[in-house]
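Record features (Swiss-Prot):
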- 1-26: signal peptide (SIGNAL)
- 37-74: domain 'LRRNT' (DOMAIN)
- 71: N-linked glycosylation site (CARBOHYD)
- 99-119: repeat 'LRR 2' (REPEAT)
- 125-146: repeat 'LRR 3' (REPEAT)
- 147-167: repeat 'LRR 4' (REPEAT)
- 196-216: repeat 'LRR 6' (REPEAT)
- 217-238: repeat 'LRR 7' (REPEAT)
- 267-288: repeat 'LRR 9' (REPEAT)
- 289-309: repeat 'LRR 10' (REPEAT)
- 338-359: repeat 'LRR 12' (REPEAT)
- 360-380: repeat 'LRR 13' (REPEAT)
- 383-396: repeat 'LRR 14' (REPEAT)
- 409-430: repeat 'LRR 15' (REPEAT)
- 431-451: repeat 'LRR 16' (REPEAT)
């Protein structure tokens, strides 16, 4: 028996070593740690030093990387590599990331030589691409059809290709500003098949005329800071949805525009033509226009006929032109019935323009040659809330005591930098700000300030006032007055008690 028992041990040992039957599905204890397994979840793949806050997001911003990182998960949809030192994009690495929707390469050292033609070929779901602030000399020949936003600004791009931005039905925004693009580097079919582009920025390039065949879907077009001297006839005939057009800082002359240049822009609200070489207001302005910038041109006269179509204009900016005594003849602005603000800073006007629109709210006329204010000069604009006549040639003897009588809504009056020797009479009682610095005021009397109980700020710096030149009762009604800016301040002494007036006088700081 003993021998037979010993003989069974090898068989029992063999049975113990044999694997058991496979487990029945649904009967395993999920909480039981099986051999070789860990209680911790498997770590997600994330490149060294980068952060991966989500399974689809890899952030390698500002790590001074010189080589494209490996170990990027194929599940990545958002990859940020901005602010590094990358010089090239390896095709084999990018081709793995076919699910990318956002690729940010802003502020690297990527050159066109380091960007293969097929670099983005496999990124069929890419929607947002930023390669701004790199060293590209030509744009990529091919960008994915799925693209919605493309930013190639601040490179050295001299040429783009038909399929860089063409045939992109979902493309909405293209940023190409601060490059070296000339018209020769912009093919006529550059945007063919991309009928959804709403924003196109081509500012700070070397364009000499407005590019043809722009997308008809445009809403915002930036062309400032180029060399544009001409808008070809019909170049803007299809852009009926355009709302904002920026053409400032170019070389536009009157001959570079015609009566049809802007006439088809039935949605245009904002037009900036400042810093050009225009001598007249352009013709054919659309009725929808609300803001027109014409500052820093060479305009000598404004003709009513040129503004007849722009009846909806609210802001007209004509600062730093060559408007003289006949620059704004009576009725020139009459078509602009809804005009809110008129800027005429830095011209040669010797009087307030006559027959201004009745609804005008802000008249800005500093640094002109206005030497007088007559009794009727401002009667046509009773709704004015801001009047700026600073740095003109106004003398007290030539400011009529009824010049401001109709300006009951006026809140801000700037008469700084003139030749006034006393406060004007008849100031509107609703004034809150009165600027009188840099005149020749020799005294302050209570009568001109009577009733100005809403005045909050009164500036008298750089006049010829002394403390003793301020008459008793001058400050009586200025209970809310505050002087915000002062160089040398004196506390105004309280006036001696008057038998007719209460002695409650504010302690006011005034600068002179």
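Each residue's number is its place along the chain shown, starting with 1.
Every residue gets a Cβ built from N, Cα and C, even glycine.
For the repeat 'LRR 13' (360-380), the list of distant contacts is 319, 339-352, 354, 386-395, 398-400, 402-407, 414, 417: same-chain residues at least six beyond its ends, Cβ to Cβ under 8 Å. Around residue 71 (N-linked glycosylation site), the C-beta neighbours below 8 angstroms that are at least 6 residues distant in the chain are 45, 46, 47, 48. Residues 56, 61, 74-89, 91, 125-138, 140-142, 151 of the same chain, all 6+ positions outside the repeat 'LRR 2' (99-119), place their C-beta atoms under 8 angstroms from a C-beta of that stretch. Restricting the average to the repeat 'LRR 12' (338-359) gives a pLDDT of 97. Counting residues 6+ beyond its ends, the repeat 'LRR 14' (383-396) has Cβ neighbours under 8 Å at 358-373, 407, 409-422, 424, 435 in the same chain. Taken through DSSP, the repeat 'LRR 3' (125-146) splits into 0 helix, 5 strand, 17 coil.
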